[in-house]
Amino acid sequence: MQAEIYSTWRHLFKLDPDRSLTDEALDAVCLSGTDGIIVGGSSGVTYDNTVELLSRIRRYEVPCALEVSDEEAAVPGFDHYFIPMVLNTSRVEWVIGRQVQALRKFGAFIPWQETSAQGYLMLNGESTAAKVSEADTELSVEEVEAYLYMADRLMHLPVVYMEYSGMFGDLPLVARMRRRLQGARLFYGGGIDTPGKARQAAEAAHTVIVGNAVYESLEQALQTVGAVRCAELL
Ligand code: 1GP
């Protein structure tokens, strides 16, 4: 079996189709040396704004993946597709419900070779994604560990995403969880807005994702690429 495109990705920028980014800023992001770009957002993502962002990113060589959180915004032409499944919610629609609905419509057209599930663990109760999915973010270490075992050992998900979106997370916990994984790749996202935080995250997780900083402090965001490049897993 061929290795997935993301199996060597250490640094990613996440761009939100519902937020505006100037051509200059997009140019800097795409030429930054990042391993890839994930397109995705928690609200306001449509087919049209996703197509528009993809067409702008496609002027560059950087690999580009789509996180499909709404079937309406499933746009062809990306290098890879991630299908999020929220693990720590009691609302089944966010675990498999919406995904099954989408598969009923589009199952026959999905490029399976380029599609991977992501087991999301929402860890910031204040984030839009956690609120929308009604995630139970108040988890003990043992509970986080149990979710990780569920995702990695029982469900064999290829990616587990510790999502702190908007806040810098508990990196020692992230590192500890990464060491538990046998097959899954650990994605970490949340609050990375300096090279120092990027380095810490890259020492803990296989892949680090920088989102908000692109829009709030671009210069610092760009510096996270080099910081991750120099970091080694602890
Ligand atoms: C969001 O995990 C990403 O889905 C990145 O988080 O926006 O806090 O960088 P930030």
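Here the Cβ of each residue, glycine as well, is placed from N, Cα and C on the backbone.
These features come from TrEMBL:
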BINDING   Lys14, Tyr161, Met162, Glu163, Tyr164, Ser165, Gly166, Gly191, Gly211, Asn212  sn-glycerol 1-phosphate binding site
BINDING   Asp16, Ser42  Mg(2+) binding site
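The CA atom of Lys14 (sn-glycerol 1-phosphate binding site) is located 12 Å away from the CA atom of Ser42 (Mg(2+) binding site). Counted over every protein chain shown, other Cβ atoms within 10 Å are most numerous around Gly211 among the binding-site residues Gly166, Gly211. Ligand 1 lies under 6 Å from the Cβ of the following binding-site residues, listed in sequence order from Lys14, Asp16, Gly211: Lys14, Gly211. For the pair Ser42 (Mg(2+) binding site) and Met162 (sn-glycerol 1-phosphate binding site), the Cα-Cα distance reads 15 Å. Non-local neighbourhood of Tyr164 (sn-glycerol 1-phosphate binding site): Leu123, Asn124, Ser127, Tyr188, Gly189, Gly190, Gly191, each in the same chain, at least six residues away, with C-beta under 8 Å from its C-beta. Annotated pair Gly211 (sn-glycerol 1-phosphate binding site) and Asp16 (Mg(2+) binding site), C-alpha to C-alpha distance, rounded: 8 Å.
Within the same chain, residues at least six positions away from Met162 (sn-glycerol 1-phosphate binding site) with a Cβ under 8 Å of its Cβ are Leu121, Leu123, Gly169, Val174, Met177, Leu186, Phe187, Tyr188, Gly189, Gly190, Ala205. Counting every protein chain shown, the number of other Cβ atoms lying within 10 Å of the Cβ of Ser42 (Mg(2+) binding site) is 16. Its Cβ taken as reference, Asp16 (Mg(2+) binding site) is surrounded by 21 other Cβ atoms within 10 Å in the chains shown. Within 10 Å of the C-beta of Lys14 (sn-glycerol 1-phosphate binding site) we count 19 further C-beta atoms, all protein chains included. Across the fold, the C-alpha of Asp16 (Mg(2+) binding site) and the C-alpha of Gly166 (sn-glycerol 1-phosphate binding site) stand 14 Å from each other.
Our reading of the sn-glycerol 1-phosphate binding annotation (Lys14, Tyr161, Met162, Glu163, Tyr164, Ser165, Gly166, Gly191, Gly211, Asn212) yields a largest Cα to Cα distance of 17 angstrom.
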